[in-house]
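Input: a single structure, listed below in C-alpha coordinates.
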Amino acid sequence: MGFFNKIFPHKKLDNDFQCIPQHIAIIPDGNGRWAKKRGLPRNVGHREGSMTLKKVVIYCSKVGVKHLTVYAFSTENWKRPQSEVDALMNLLLEFLRNAERELDGSNVGIKVIGDINGLPEELQNEIARVEKMTSVNNGLNLNIALNYGSRFEILYAVKNIARKIKDGKLTINDIDENQMEQHLYTKGIPEPDLLIRTSGEQRISNYLLWQCAYTEFWFTDTLWPDVNESHIAEAIKAFEKRNRRYGGIEN
(Lines of atoms letter the chains of each structure in order from A and count residues from 1; the text may use other names and numbers.)
(Lines give C-alpha, C1' and ligand atoms only; values in the text may rest on other atoms or scores of the structure.)
Protein backbone atom coordinates (compact mmCIF):
# COMPACT_ATOMS: atom_id res chain seq x y z
CA MET A 1 0.00 0.00 0.00
CA GLY A 2 1.41 3.41 -1.00
CA PHE A 3 1.93 6.32 1.34
CA PHE A 4 -1.12 8.22 0.10
CA ASN A 5 -3.37 5.22 0.62
CA LYS A 6 -2.11 5.02 4.18
CA ILE A 7 -2.99 8.61 5.02
CA PHE A 8 -6.23 8.66 2.98
CA PRO A 9 -7.40 5.02 3.06
CA HIS A 10 -11.11 5.53 2.46
CA LYS A 11 -11.35 5.79 -1.34
CA LYS A 12 -9.40 5.56 -4.56
CA LEU A 13 -9.18 8.90 -6.31
CA ASP A 14 -9.19 9.96 -9.93
CA ASN A 15 -6.16 12.21 -10.14
CA ASP A 16 -6.29 12.47 -13.92
CA PHE A 17 -6.67 16.24 -14.00
CA GLN A 18 -6.74 18.15 -17.27
CA CYS A 19 -5.94 21.57 -15.81
CA ILE A 20 -4.03 21.86 -12.55
CA PRO A 21 -4.20 25.25 -10.82
CA GLN A 22 -0.61 26.39 -10.50
CA HIS A 23 -1.35 28.31 -7.31
CA ILE A 24 -3.91 27.26 -4.69
CA ALA A 25 -4.65 29.51 -1.71
CA ILE A 26 -6.42 28.04 1.32
CA ILE A 27 -8.31 29.48 4.27
CA PRO A 28 -8.24 26.45 6.61
CA ASP A 29 -11.25 27.30 8.74
CA GLY A 30 -13.09 25.27 11.36
CA ASN A 31 -10.48 23.92 13.77
CA GLY A 32 -12.23 25.34 16.83
CA ARG A 33 -15.67 24.11 15.77
CA TRP A 34 -14.25 20.67 15.02
CA ALA A 35 -12.94 20.46 18.59
CA LYS A 36 -16.13 21.89 20.13
CA LYS A 37 -18.28 19.27 18.37
CA ARG A 38 -16.20 16.61 20.12
CA GLY A 39 -16.10 18.29 23.51
CA LEU A 40 -12.37 18.94 23.16
CA PRO A 41 -10.25 22.06 23.75
CA ARG A 42 -9.82 24.32 20.71
CA ASN A 43 -6.08 23.64 20.78
CA VAL A 44 -6.78 20.00 19.89
CA GLY A 45 -8.59 21.20 16.78
CA HIS A 46 -5.63 23.34 15.80
CA ARG A 47 -3.30 20.37 16.19
CA GLU A 48 -5.53 18.21 14.01
CA GLY A 49 -5.60 21.04 11.49
CA SER A 50 -1.80 21.04 11.42
CA MET A 51 -1.85 17.34 10.53
CA THR A 52 -4.33 18.06 7.74
CA LEU A 53 -2.05 20.74 6.34
CA LYS A 54 0.86 18.31 6.06
CA LYS A 55 -1.33 15.85 4.15
CA VAL A 56 -2.67 18.53 1.83
CA VAL A 57 0.84 19.83 1.10
CA ILE A 58 2.00 16.34 0.15
CA TYR A 59 -1.05 15.74 -2.04
CA CYS A 60 -0.76 19.08 -3.85
CA SER A 61 2.91 18.37 -4.45
CA LYS A 62 2.04 14.96 -5.83
CA VAL A 63 -0.51 16.21 -8.38
CA GLY A 64 1.65 19.07 -9.67
CA VAL A 65 0.50 22.23 -7.88
CA LYS A 66 3.44 24.67 -7.89
CA HIS A 67 2.38 27.11 -5.17
CA LEU A 68 0.25 26.59 -2.06
CA THR A 69 -0.50 29.55 0.21
CA VAL A 70 -2.14 28.89 3.57
CA TYR A 71 -3.69 31.43 5.95
CA ALA A 72 -2.22 30.19 9.22
CA PHE A 73 -2.52 33.22 11.52
CA SER A 74 -4.06 36.59 10.73
CA THR A 75 -3.35 40.01 12.21
CA GLU A 76 -6.83 39.78 13.75
CA ASN A 77 -6.08 36.46 15.49
CA TRP A 78 -4.17 38.31 18.22
CA LYS A 79 -7.63 39.19 19.62
CA ARG A 80 -8.13 35.57 20.69
CA PRO A 81 -7.51 34.44 24.29
CA GLN A 82 -3.81 34.59 25.16
CA SER A 83 -3.75 30.88 25.96
CA GLU A 84 -4.97 30.07 22.44
CA VAL A 85 -2.52 32.50 20.84
CA ASP A 86 0.36 30.95 22.80
CA ALA A 87 -0.73 27.46 21.76
CA LEU A 88 -0.91 28.53 18.10
CA MET A 89 2.56 30.08 18.23
CA ASN A 90 3.96 26.87 19.73
CA LEU A 91 2.17 24.76 17.13
CA LEU A 92 3.53 26.90 14.29
CA LEU A 93 7.01 26.60 15.77
CA GLU A 94 6.63 22.82 15.97
CA PHE A 95 5.32 22.62 12.39
CA LEU A 96 8.33 24.51 11.03
CA ARG A 97 10.84 22.50 13.07
CA ASN A 98 9.43 19.21 11.80
CA ALA A 99 8.40 20.26 8.30
CA GLU A 100 11.43 18.98 6.39
CA ARG A 101 11.10 15.51 7.92
CA GLU A 102 7.31 15.19 7.99
CA LEU A 103 6.69 16.45 4.47
CA ASP A 104 8.08 13.10 3.37
CA GLY A 105 10.93 14.31 1.18
CA SER A 106 8.55 16.20 -1.10
CA ASN A 107 11.19 18.78 -2.04
CA VAL A 108 8.97 21.57 -0.69
CA GLY A 109 10.27 25.11 -0.35
CA ILE A 110 8.85 27.08 2.58
CA LYS A 111 8.34 30.84 2.74
CA VAL A 112 6.51 32.85 5.40
CA ILE A 113 4.59 35.96 4.36
CA GLY A 114 3.29 38.59 6.75
CA ASP A 115 4.59 40.93 9.44
CA ILE A 116 7.30 38.59 10.68
CA ASN A 117 8.77 41.25 12.99
CA GLY A 118 5.59 41.09 15.05
CA LEU A 119 6.08 37.39 15.86
CA PRO A 120 7.91 35.94 18.88
CA GLU A 121 11.69 35.99 18.44
CA GLU A 122 12.03 32.21 18.66
CA LEU A 123 9.51 31.81 15.86
CA GLN A 124 11.27 34.48 13.77
CA ASN A 125 14.55 32.58 14.12
CA GLU A 126 12.92 29.30 13.09
CA ILE A 127 11.33 30.96 10.08
CA ALA A 128 14.73 32.23 8.95
CA ARG A 129 16.25 28.77 9.43
CA VAL A 130 13.60 26.80 7.55
CA GLU A 131 13.40 29.32 4.70
CA LYS A 132 17.16 29.07 4.22
CA MET A 133 17.21 25.27 4.50
CA THR A 134 14.40 24.78 1.96
CA SER A 135 15.42 27.55 -0.45
CA VAL A 136 17.29 25.02 -2.60
CA ASN A 137 14.18 22.84 -3.03
CA ASN A 138 12.48 23.11 -6.40
CA GLY A 139 9.20 21.32 -5.75
CA LEU A 140 6.01 22.88 -4.44
CA ASN A 141 6.39 26.31 -2.84
CA LEU A 142 4.53 26.43 0.48
CA ASN A 143 3.75 30.00 1.51
CA ILE A 144 2.56 30.28 5.11
CA ALA A 145 0.72 33.51 5.92
CA LEU A 146 1.62 34.38 9.53
CA ASN A 147 0.60 37.62 11.23
CA TYR A 148 -0.86 38.44 7.84
CA GLY A 149 -3.61 40.87 6.94
CA SER A 150 -4.14 42.02 3.37
CA ARG A 151 -5.15 45.58 4.25
CA PHE A 152 -1.98 45.95 6.33
CA GLU A 153 0.04 44.45 3.46
CA ILE A 154 -1.36 46.99 0.99
CA LEU A 155 -0.76 49.91 3.38
CA TYR A 156 2.78 48.64 4.01
CA ALA A 157 3.42 48.58 0.26
CA VAL A 158 1.96 52.06 -0.27
CA LYS A 159 4.08 53.52 2.55
CA ASN A 160 7.24 51.96 1.13
CA ILE A 161 6.46 53.32 -2.32
CA ALA A 162 5.73 56.79 -0.88
CA ARG A 163 9.02 56.70 1.02
CA LYS A 164 10.90 55.87 -2.19
CA ILE A 165 9.19 58.72 -4.01
CA LYS A 166 10.14 61.09 -1.19
CA ASP A 167 13.75 59.88 -1.35
CA GLY A 168 13.85 60.32 -5.13
CA LYS A 169 14.20 56.60 -5.85
CA LEU A 170 10.86 56.48 -7.68
CA THR A 171 8.62 58.98 -9.45
CA ILE A 172 4.83 59.09 -9.67
CA ASN A 173 5.07 57.88 -13.26
CA ASP A 174 6.90 54.75 -12.07
CA ILE A 175 3.87 53.58 -10.10
CA ASP A 176 1.82 50.88 -11.81
CA GLU A 177 0.42 47.46 -10.87
CA ASN A 178 3.78 45.78 -11.33
CA GLN A 179 5.49 48.30 -9.04
CA MET A 180 2.80 47.75 -6.41
CA GLU A 181 3.24 43.98 -6.61
CA GLN A 182 6.98 44.35 -6.09
CA HIS A 183 6.24 45.82 -2.66
CA LEU A 184 3.75 43.18 -1.46
CA TYR A 185 4.69 40.27 0.80
CA THR A 186 3.88 38.01 -2.15
CA LYS A 187 6.52 39.52 -4.44
CA GLY A 188 7.59 36.88 -6.94
CA ILE A 189 4.61 34.60 -6.20
CA PRO A 190 1.99 34.31 -8.97
CA GLU A 191 -1.61 35.23 -8.21
CA PRO A 192 -3.77 32.36 -6.90
CA ASP A 193 -5.74 30.47 -9.52
CA LEU A 194 -7.98 28.84 -6.94
CA LEU A 195 -8.94 29.77 -3.38
CA ILE A 196 -10.39 27.10 -1.11
CA ARG A 197 -12.20 27.93 2.13
CA THR A 198 -13.45 25.26 4.48
CA SER A 199 -16.14 25.16 7.21
CA GLY A 200 -19.00 26.68 5.21
CA GLU A 201 -17.99 30.32 5.56
CA GLN A 202 -18.05 32.23 2.27
CA ARG A 203 -15.82 35.26 2.69
CA ILE A 204 -12.09 35.89 2.27
CA SER A 205 -11.42 37.52 5.67
CA ASN A 206 -8.78 40.08 4.69
CA TYR A 207 -6.75 37.48 2.78
CA LEU A 208 -4.87 38.21 -0.46
CA LEU A 209 -7.26 41.01 -1.47
CA TRP A 210 -4.97 42.40 -4.17
CA GLN A 211 -3.86 39.00 -5.39
CA CYS A 212 -7.33 37.44 -5.76
CA ALA A 213 -8.65 39.83 -8.41
CA TYR A 214 -9.28 36.94 -10.84
CA THR A 215 -9.06 33.95 -8.53
CA GLU A 216 -11.69 31.21 -8.71
CA PHE A 217 -13.31 30.43 -5.33
CA TRP A 218 -14.41 27.04 -4.01
CA PHE A 219 -16.18 26.57 -0.69
CA THR A 220 -16.91 23.44 1.31
CA ASP A 221 -18.90 22.89 4.52
CA THR A 222 -16.25 20.43 5.69
CA LEU A 223 -14.27 21.57 8.73
CA TRP A 224 -10.54 21.84 8.08
CA PRO A 225 -9.42 18.90 10.28
CA ASP A 226 -11.80 16.65 8.30
CA VAL A 227 -10.44 17.72 4.91
CA ASN A 228 -8.64 15.04 2.93
CA GLU A 229 -7.27 14.68 -0.56
CA SER A 230 -10.73 13.93 -2.00
CA HIS A 231 -11.82 17.47 -1.11
CA ILE A 232 -8.78 18.98 -2.81
CA ALA A 233 -9.40 16.77 -5.84
CA GLU A 234 -13.04 17.92 -5.91
CA ALA A 235 -11.93 21.55 -5.81
CA ILE A 236 -9.49 20.99 -8.67
CA LYS A 237 -12.19 19.23 -10.72
CA ALA A 238 -14.51 22.20 -10.12
CA PHE A 239 -11.72 24.57 -11.16
CA GLU A 240 -11.29 22.69 -14.43
CA LYS A 241 -14.91 23.51 -15.33
CA ARG A 242 -14.55 27.24 -14.75
CA ASN A 243 -14.34 29.60 -17.73
CA ARG A 244 -11.72 32.20 -16.78
CA ARG A 245 -12.28 35.22 -19.02
CA TYR A 246 -10.38 37.85 -16.99
CA GLY A 247 -12.97 40.48 -17.85
CA GLY A 248 -13.05 39.59 -21.54
CA ILE A 249 -15.49 37.56 -23.61
CA GLU A 250 -15.35 34.15 -25.23
CA ASN A 251 -14.19 33.90 -28.81
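For all residues, glycine too, the Cβ spot is worked out from N, Cα and C.
Because TrEMBL annotations are produced automatically, they should be read as predictions rather than curated entries.
What TrEMBL records for this protein:
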type	residues	note
ACT_SITE	ASP29	active site
BINDING	ASP29, GLU216	Mg(2+) binding site
BINDING	30-34, ARG42, HIS46, 74-76, TRP78, ARG80, ARG197, 203-205	substrate binding site
ACT_SITE	ASN77	active site, proton acceptor
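Cβ neighbour count for GLY30 (substrate binding site) (all protein chains, 10 Å cutoff from its Cβ): 25.
Within the same chain, residues at least 6 positions away in sequence whose Cβ sits under 8 Å from that of GLY32 (substrate binding site) are ARG42, GLY45, HIS46.
Local packing around the Cβ, expressed as the count of other Cβ atoms within 10 angstroms, is greatest for TRP34 among the binding-site residues TRP34, TRP78. Between the C-alpha atoms of ILE204 (substrate binding site) and the residue listed as 'active site, proton acceptor', the distance comes to 15 Å. Restricting the recorded positions ASN77, TRP78, ARG197 to those with a CA within 10 Å of the CA of ASP29 (active site) leaves ARG197, listed by sequence position. For ILE204 (substrate binding site), other Cβ atoms within 10 Å of its Cβ number 17.
THR75 (substrate binding site) sits 24 Å from GLU216 (Mg(2+) binding site), taking the C-alpha atoms as the reference points.
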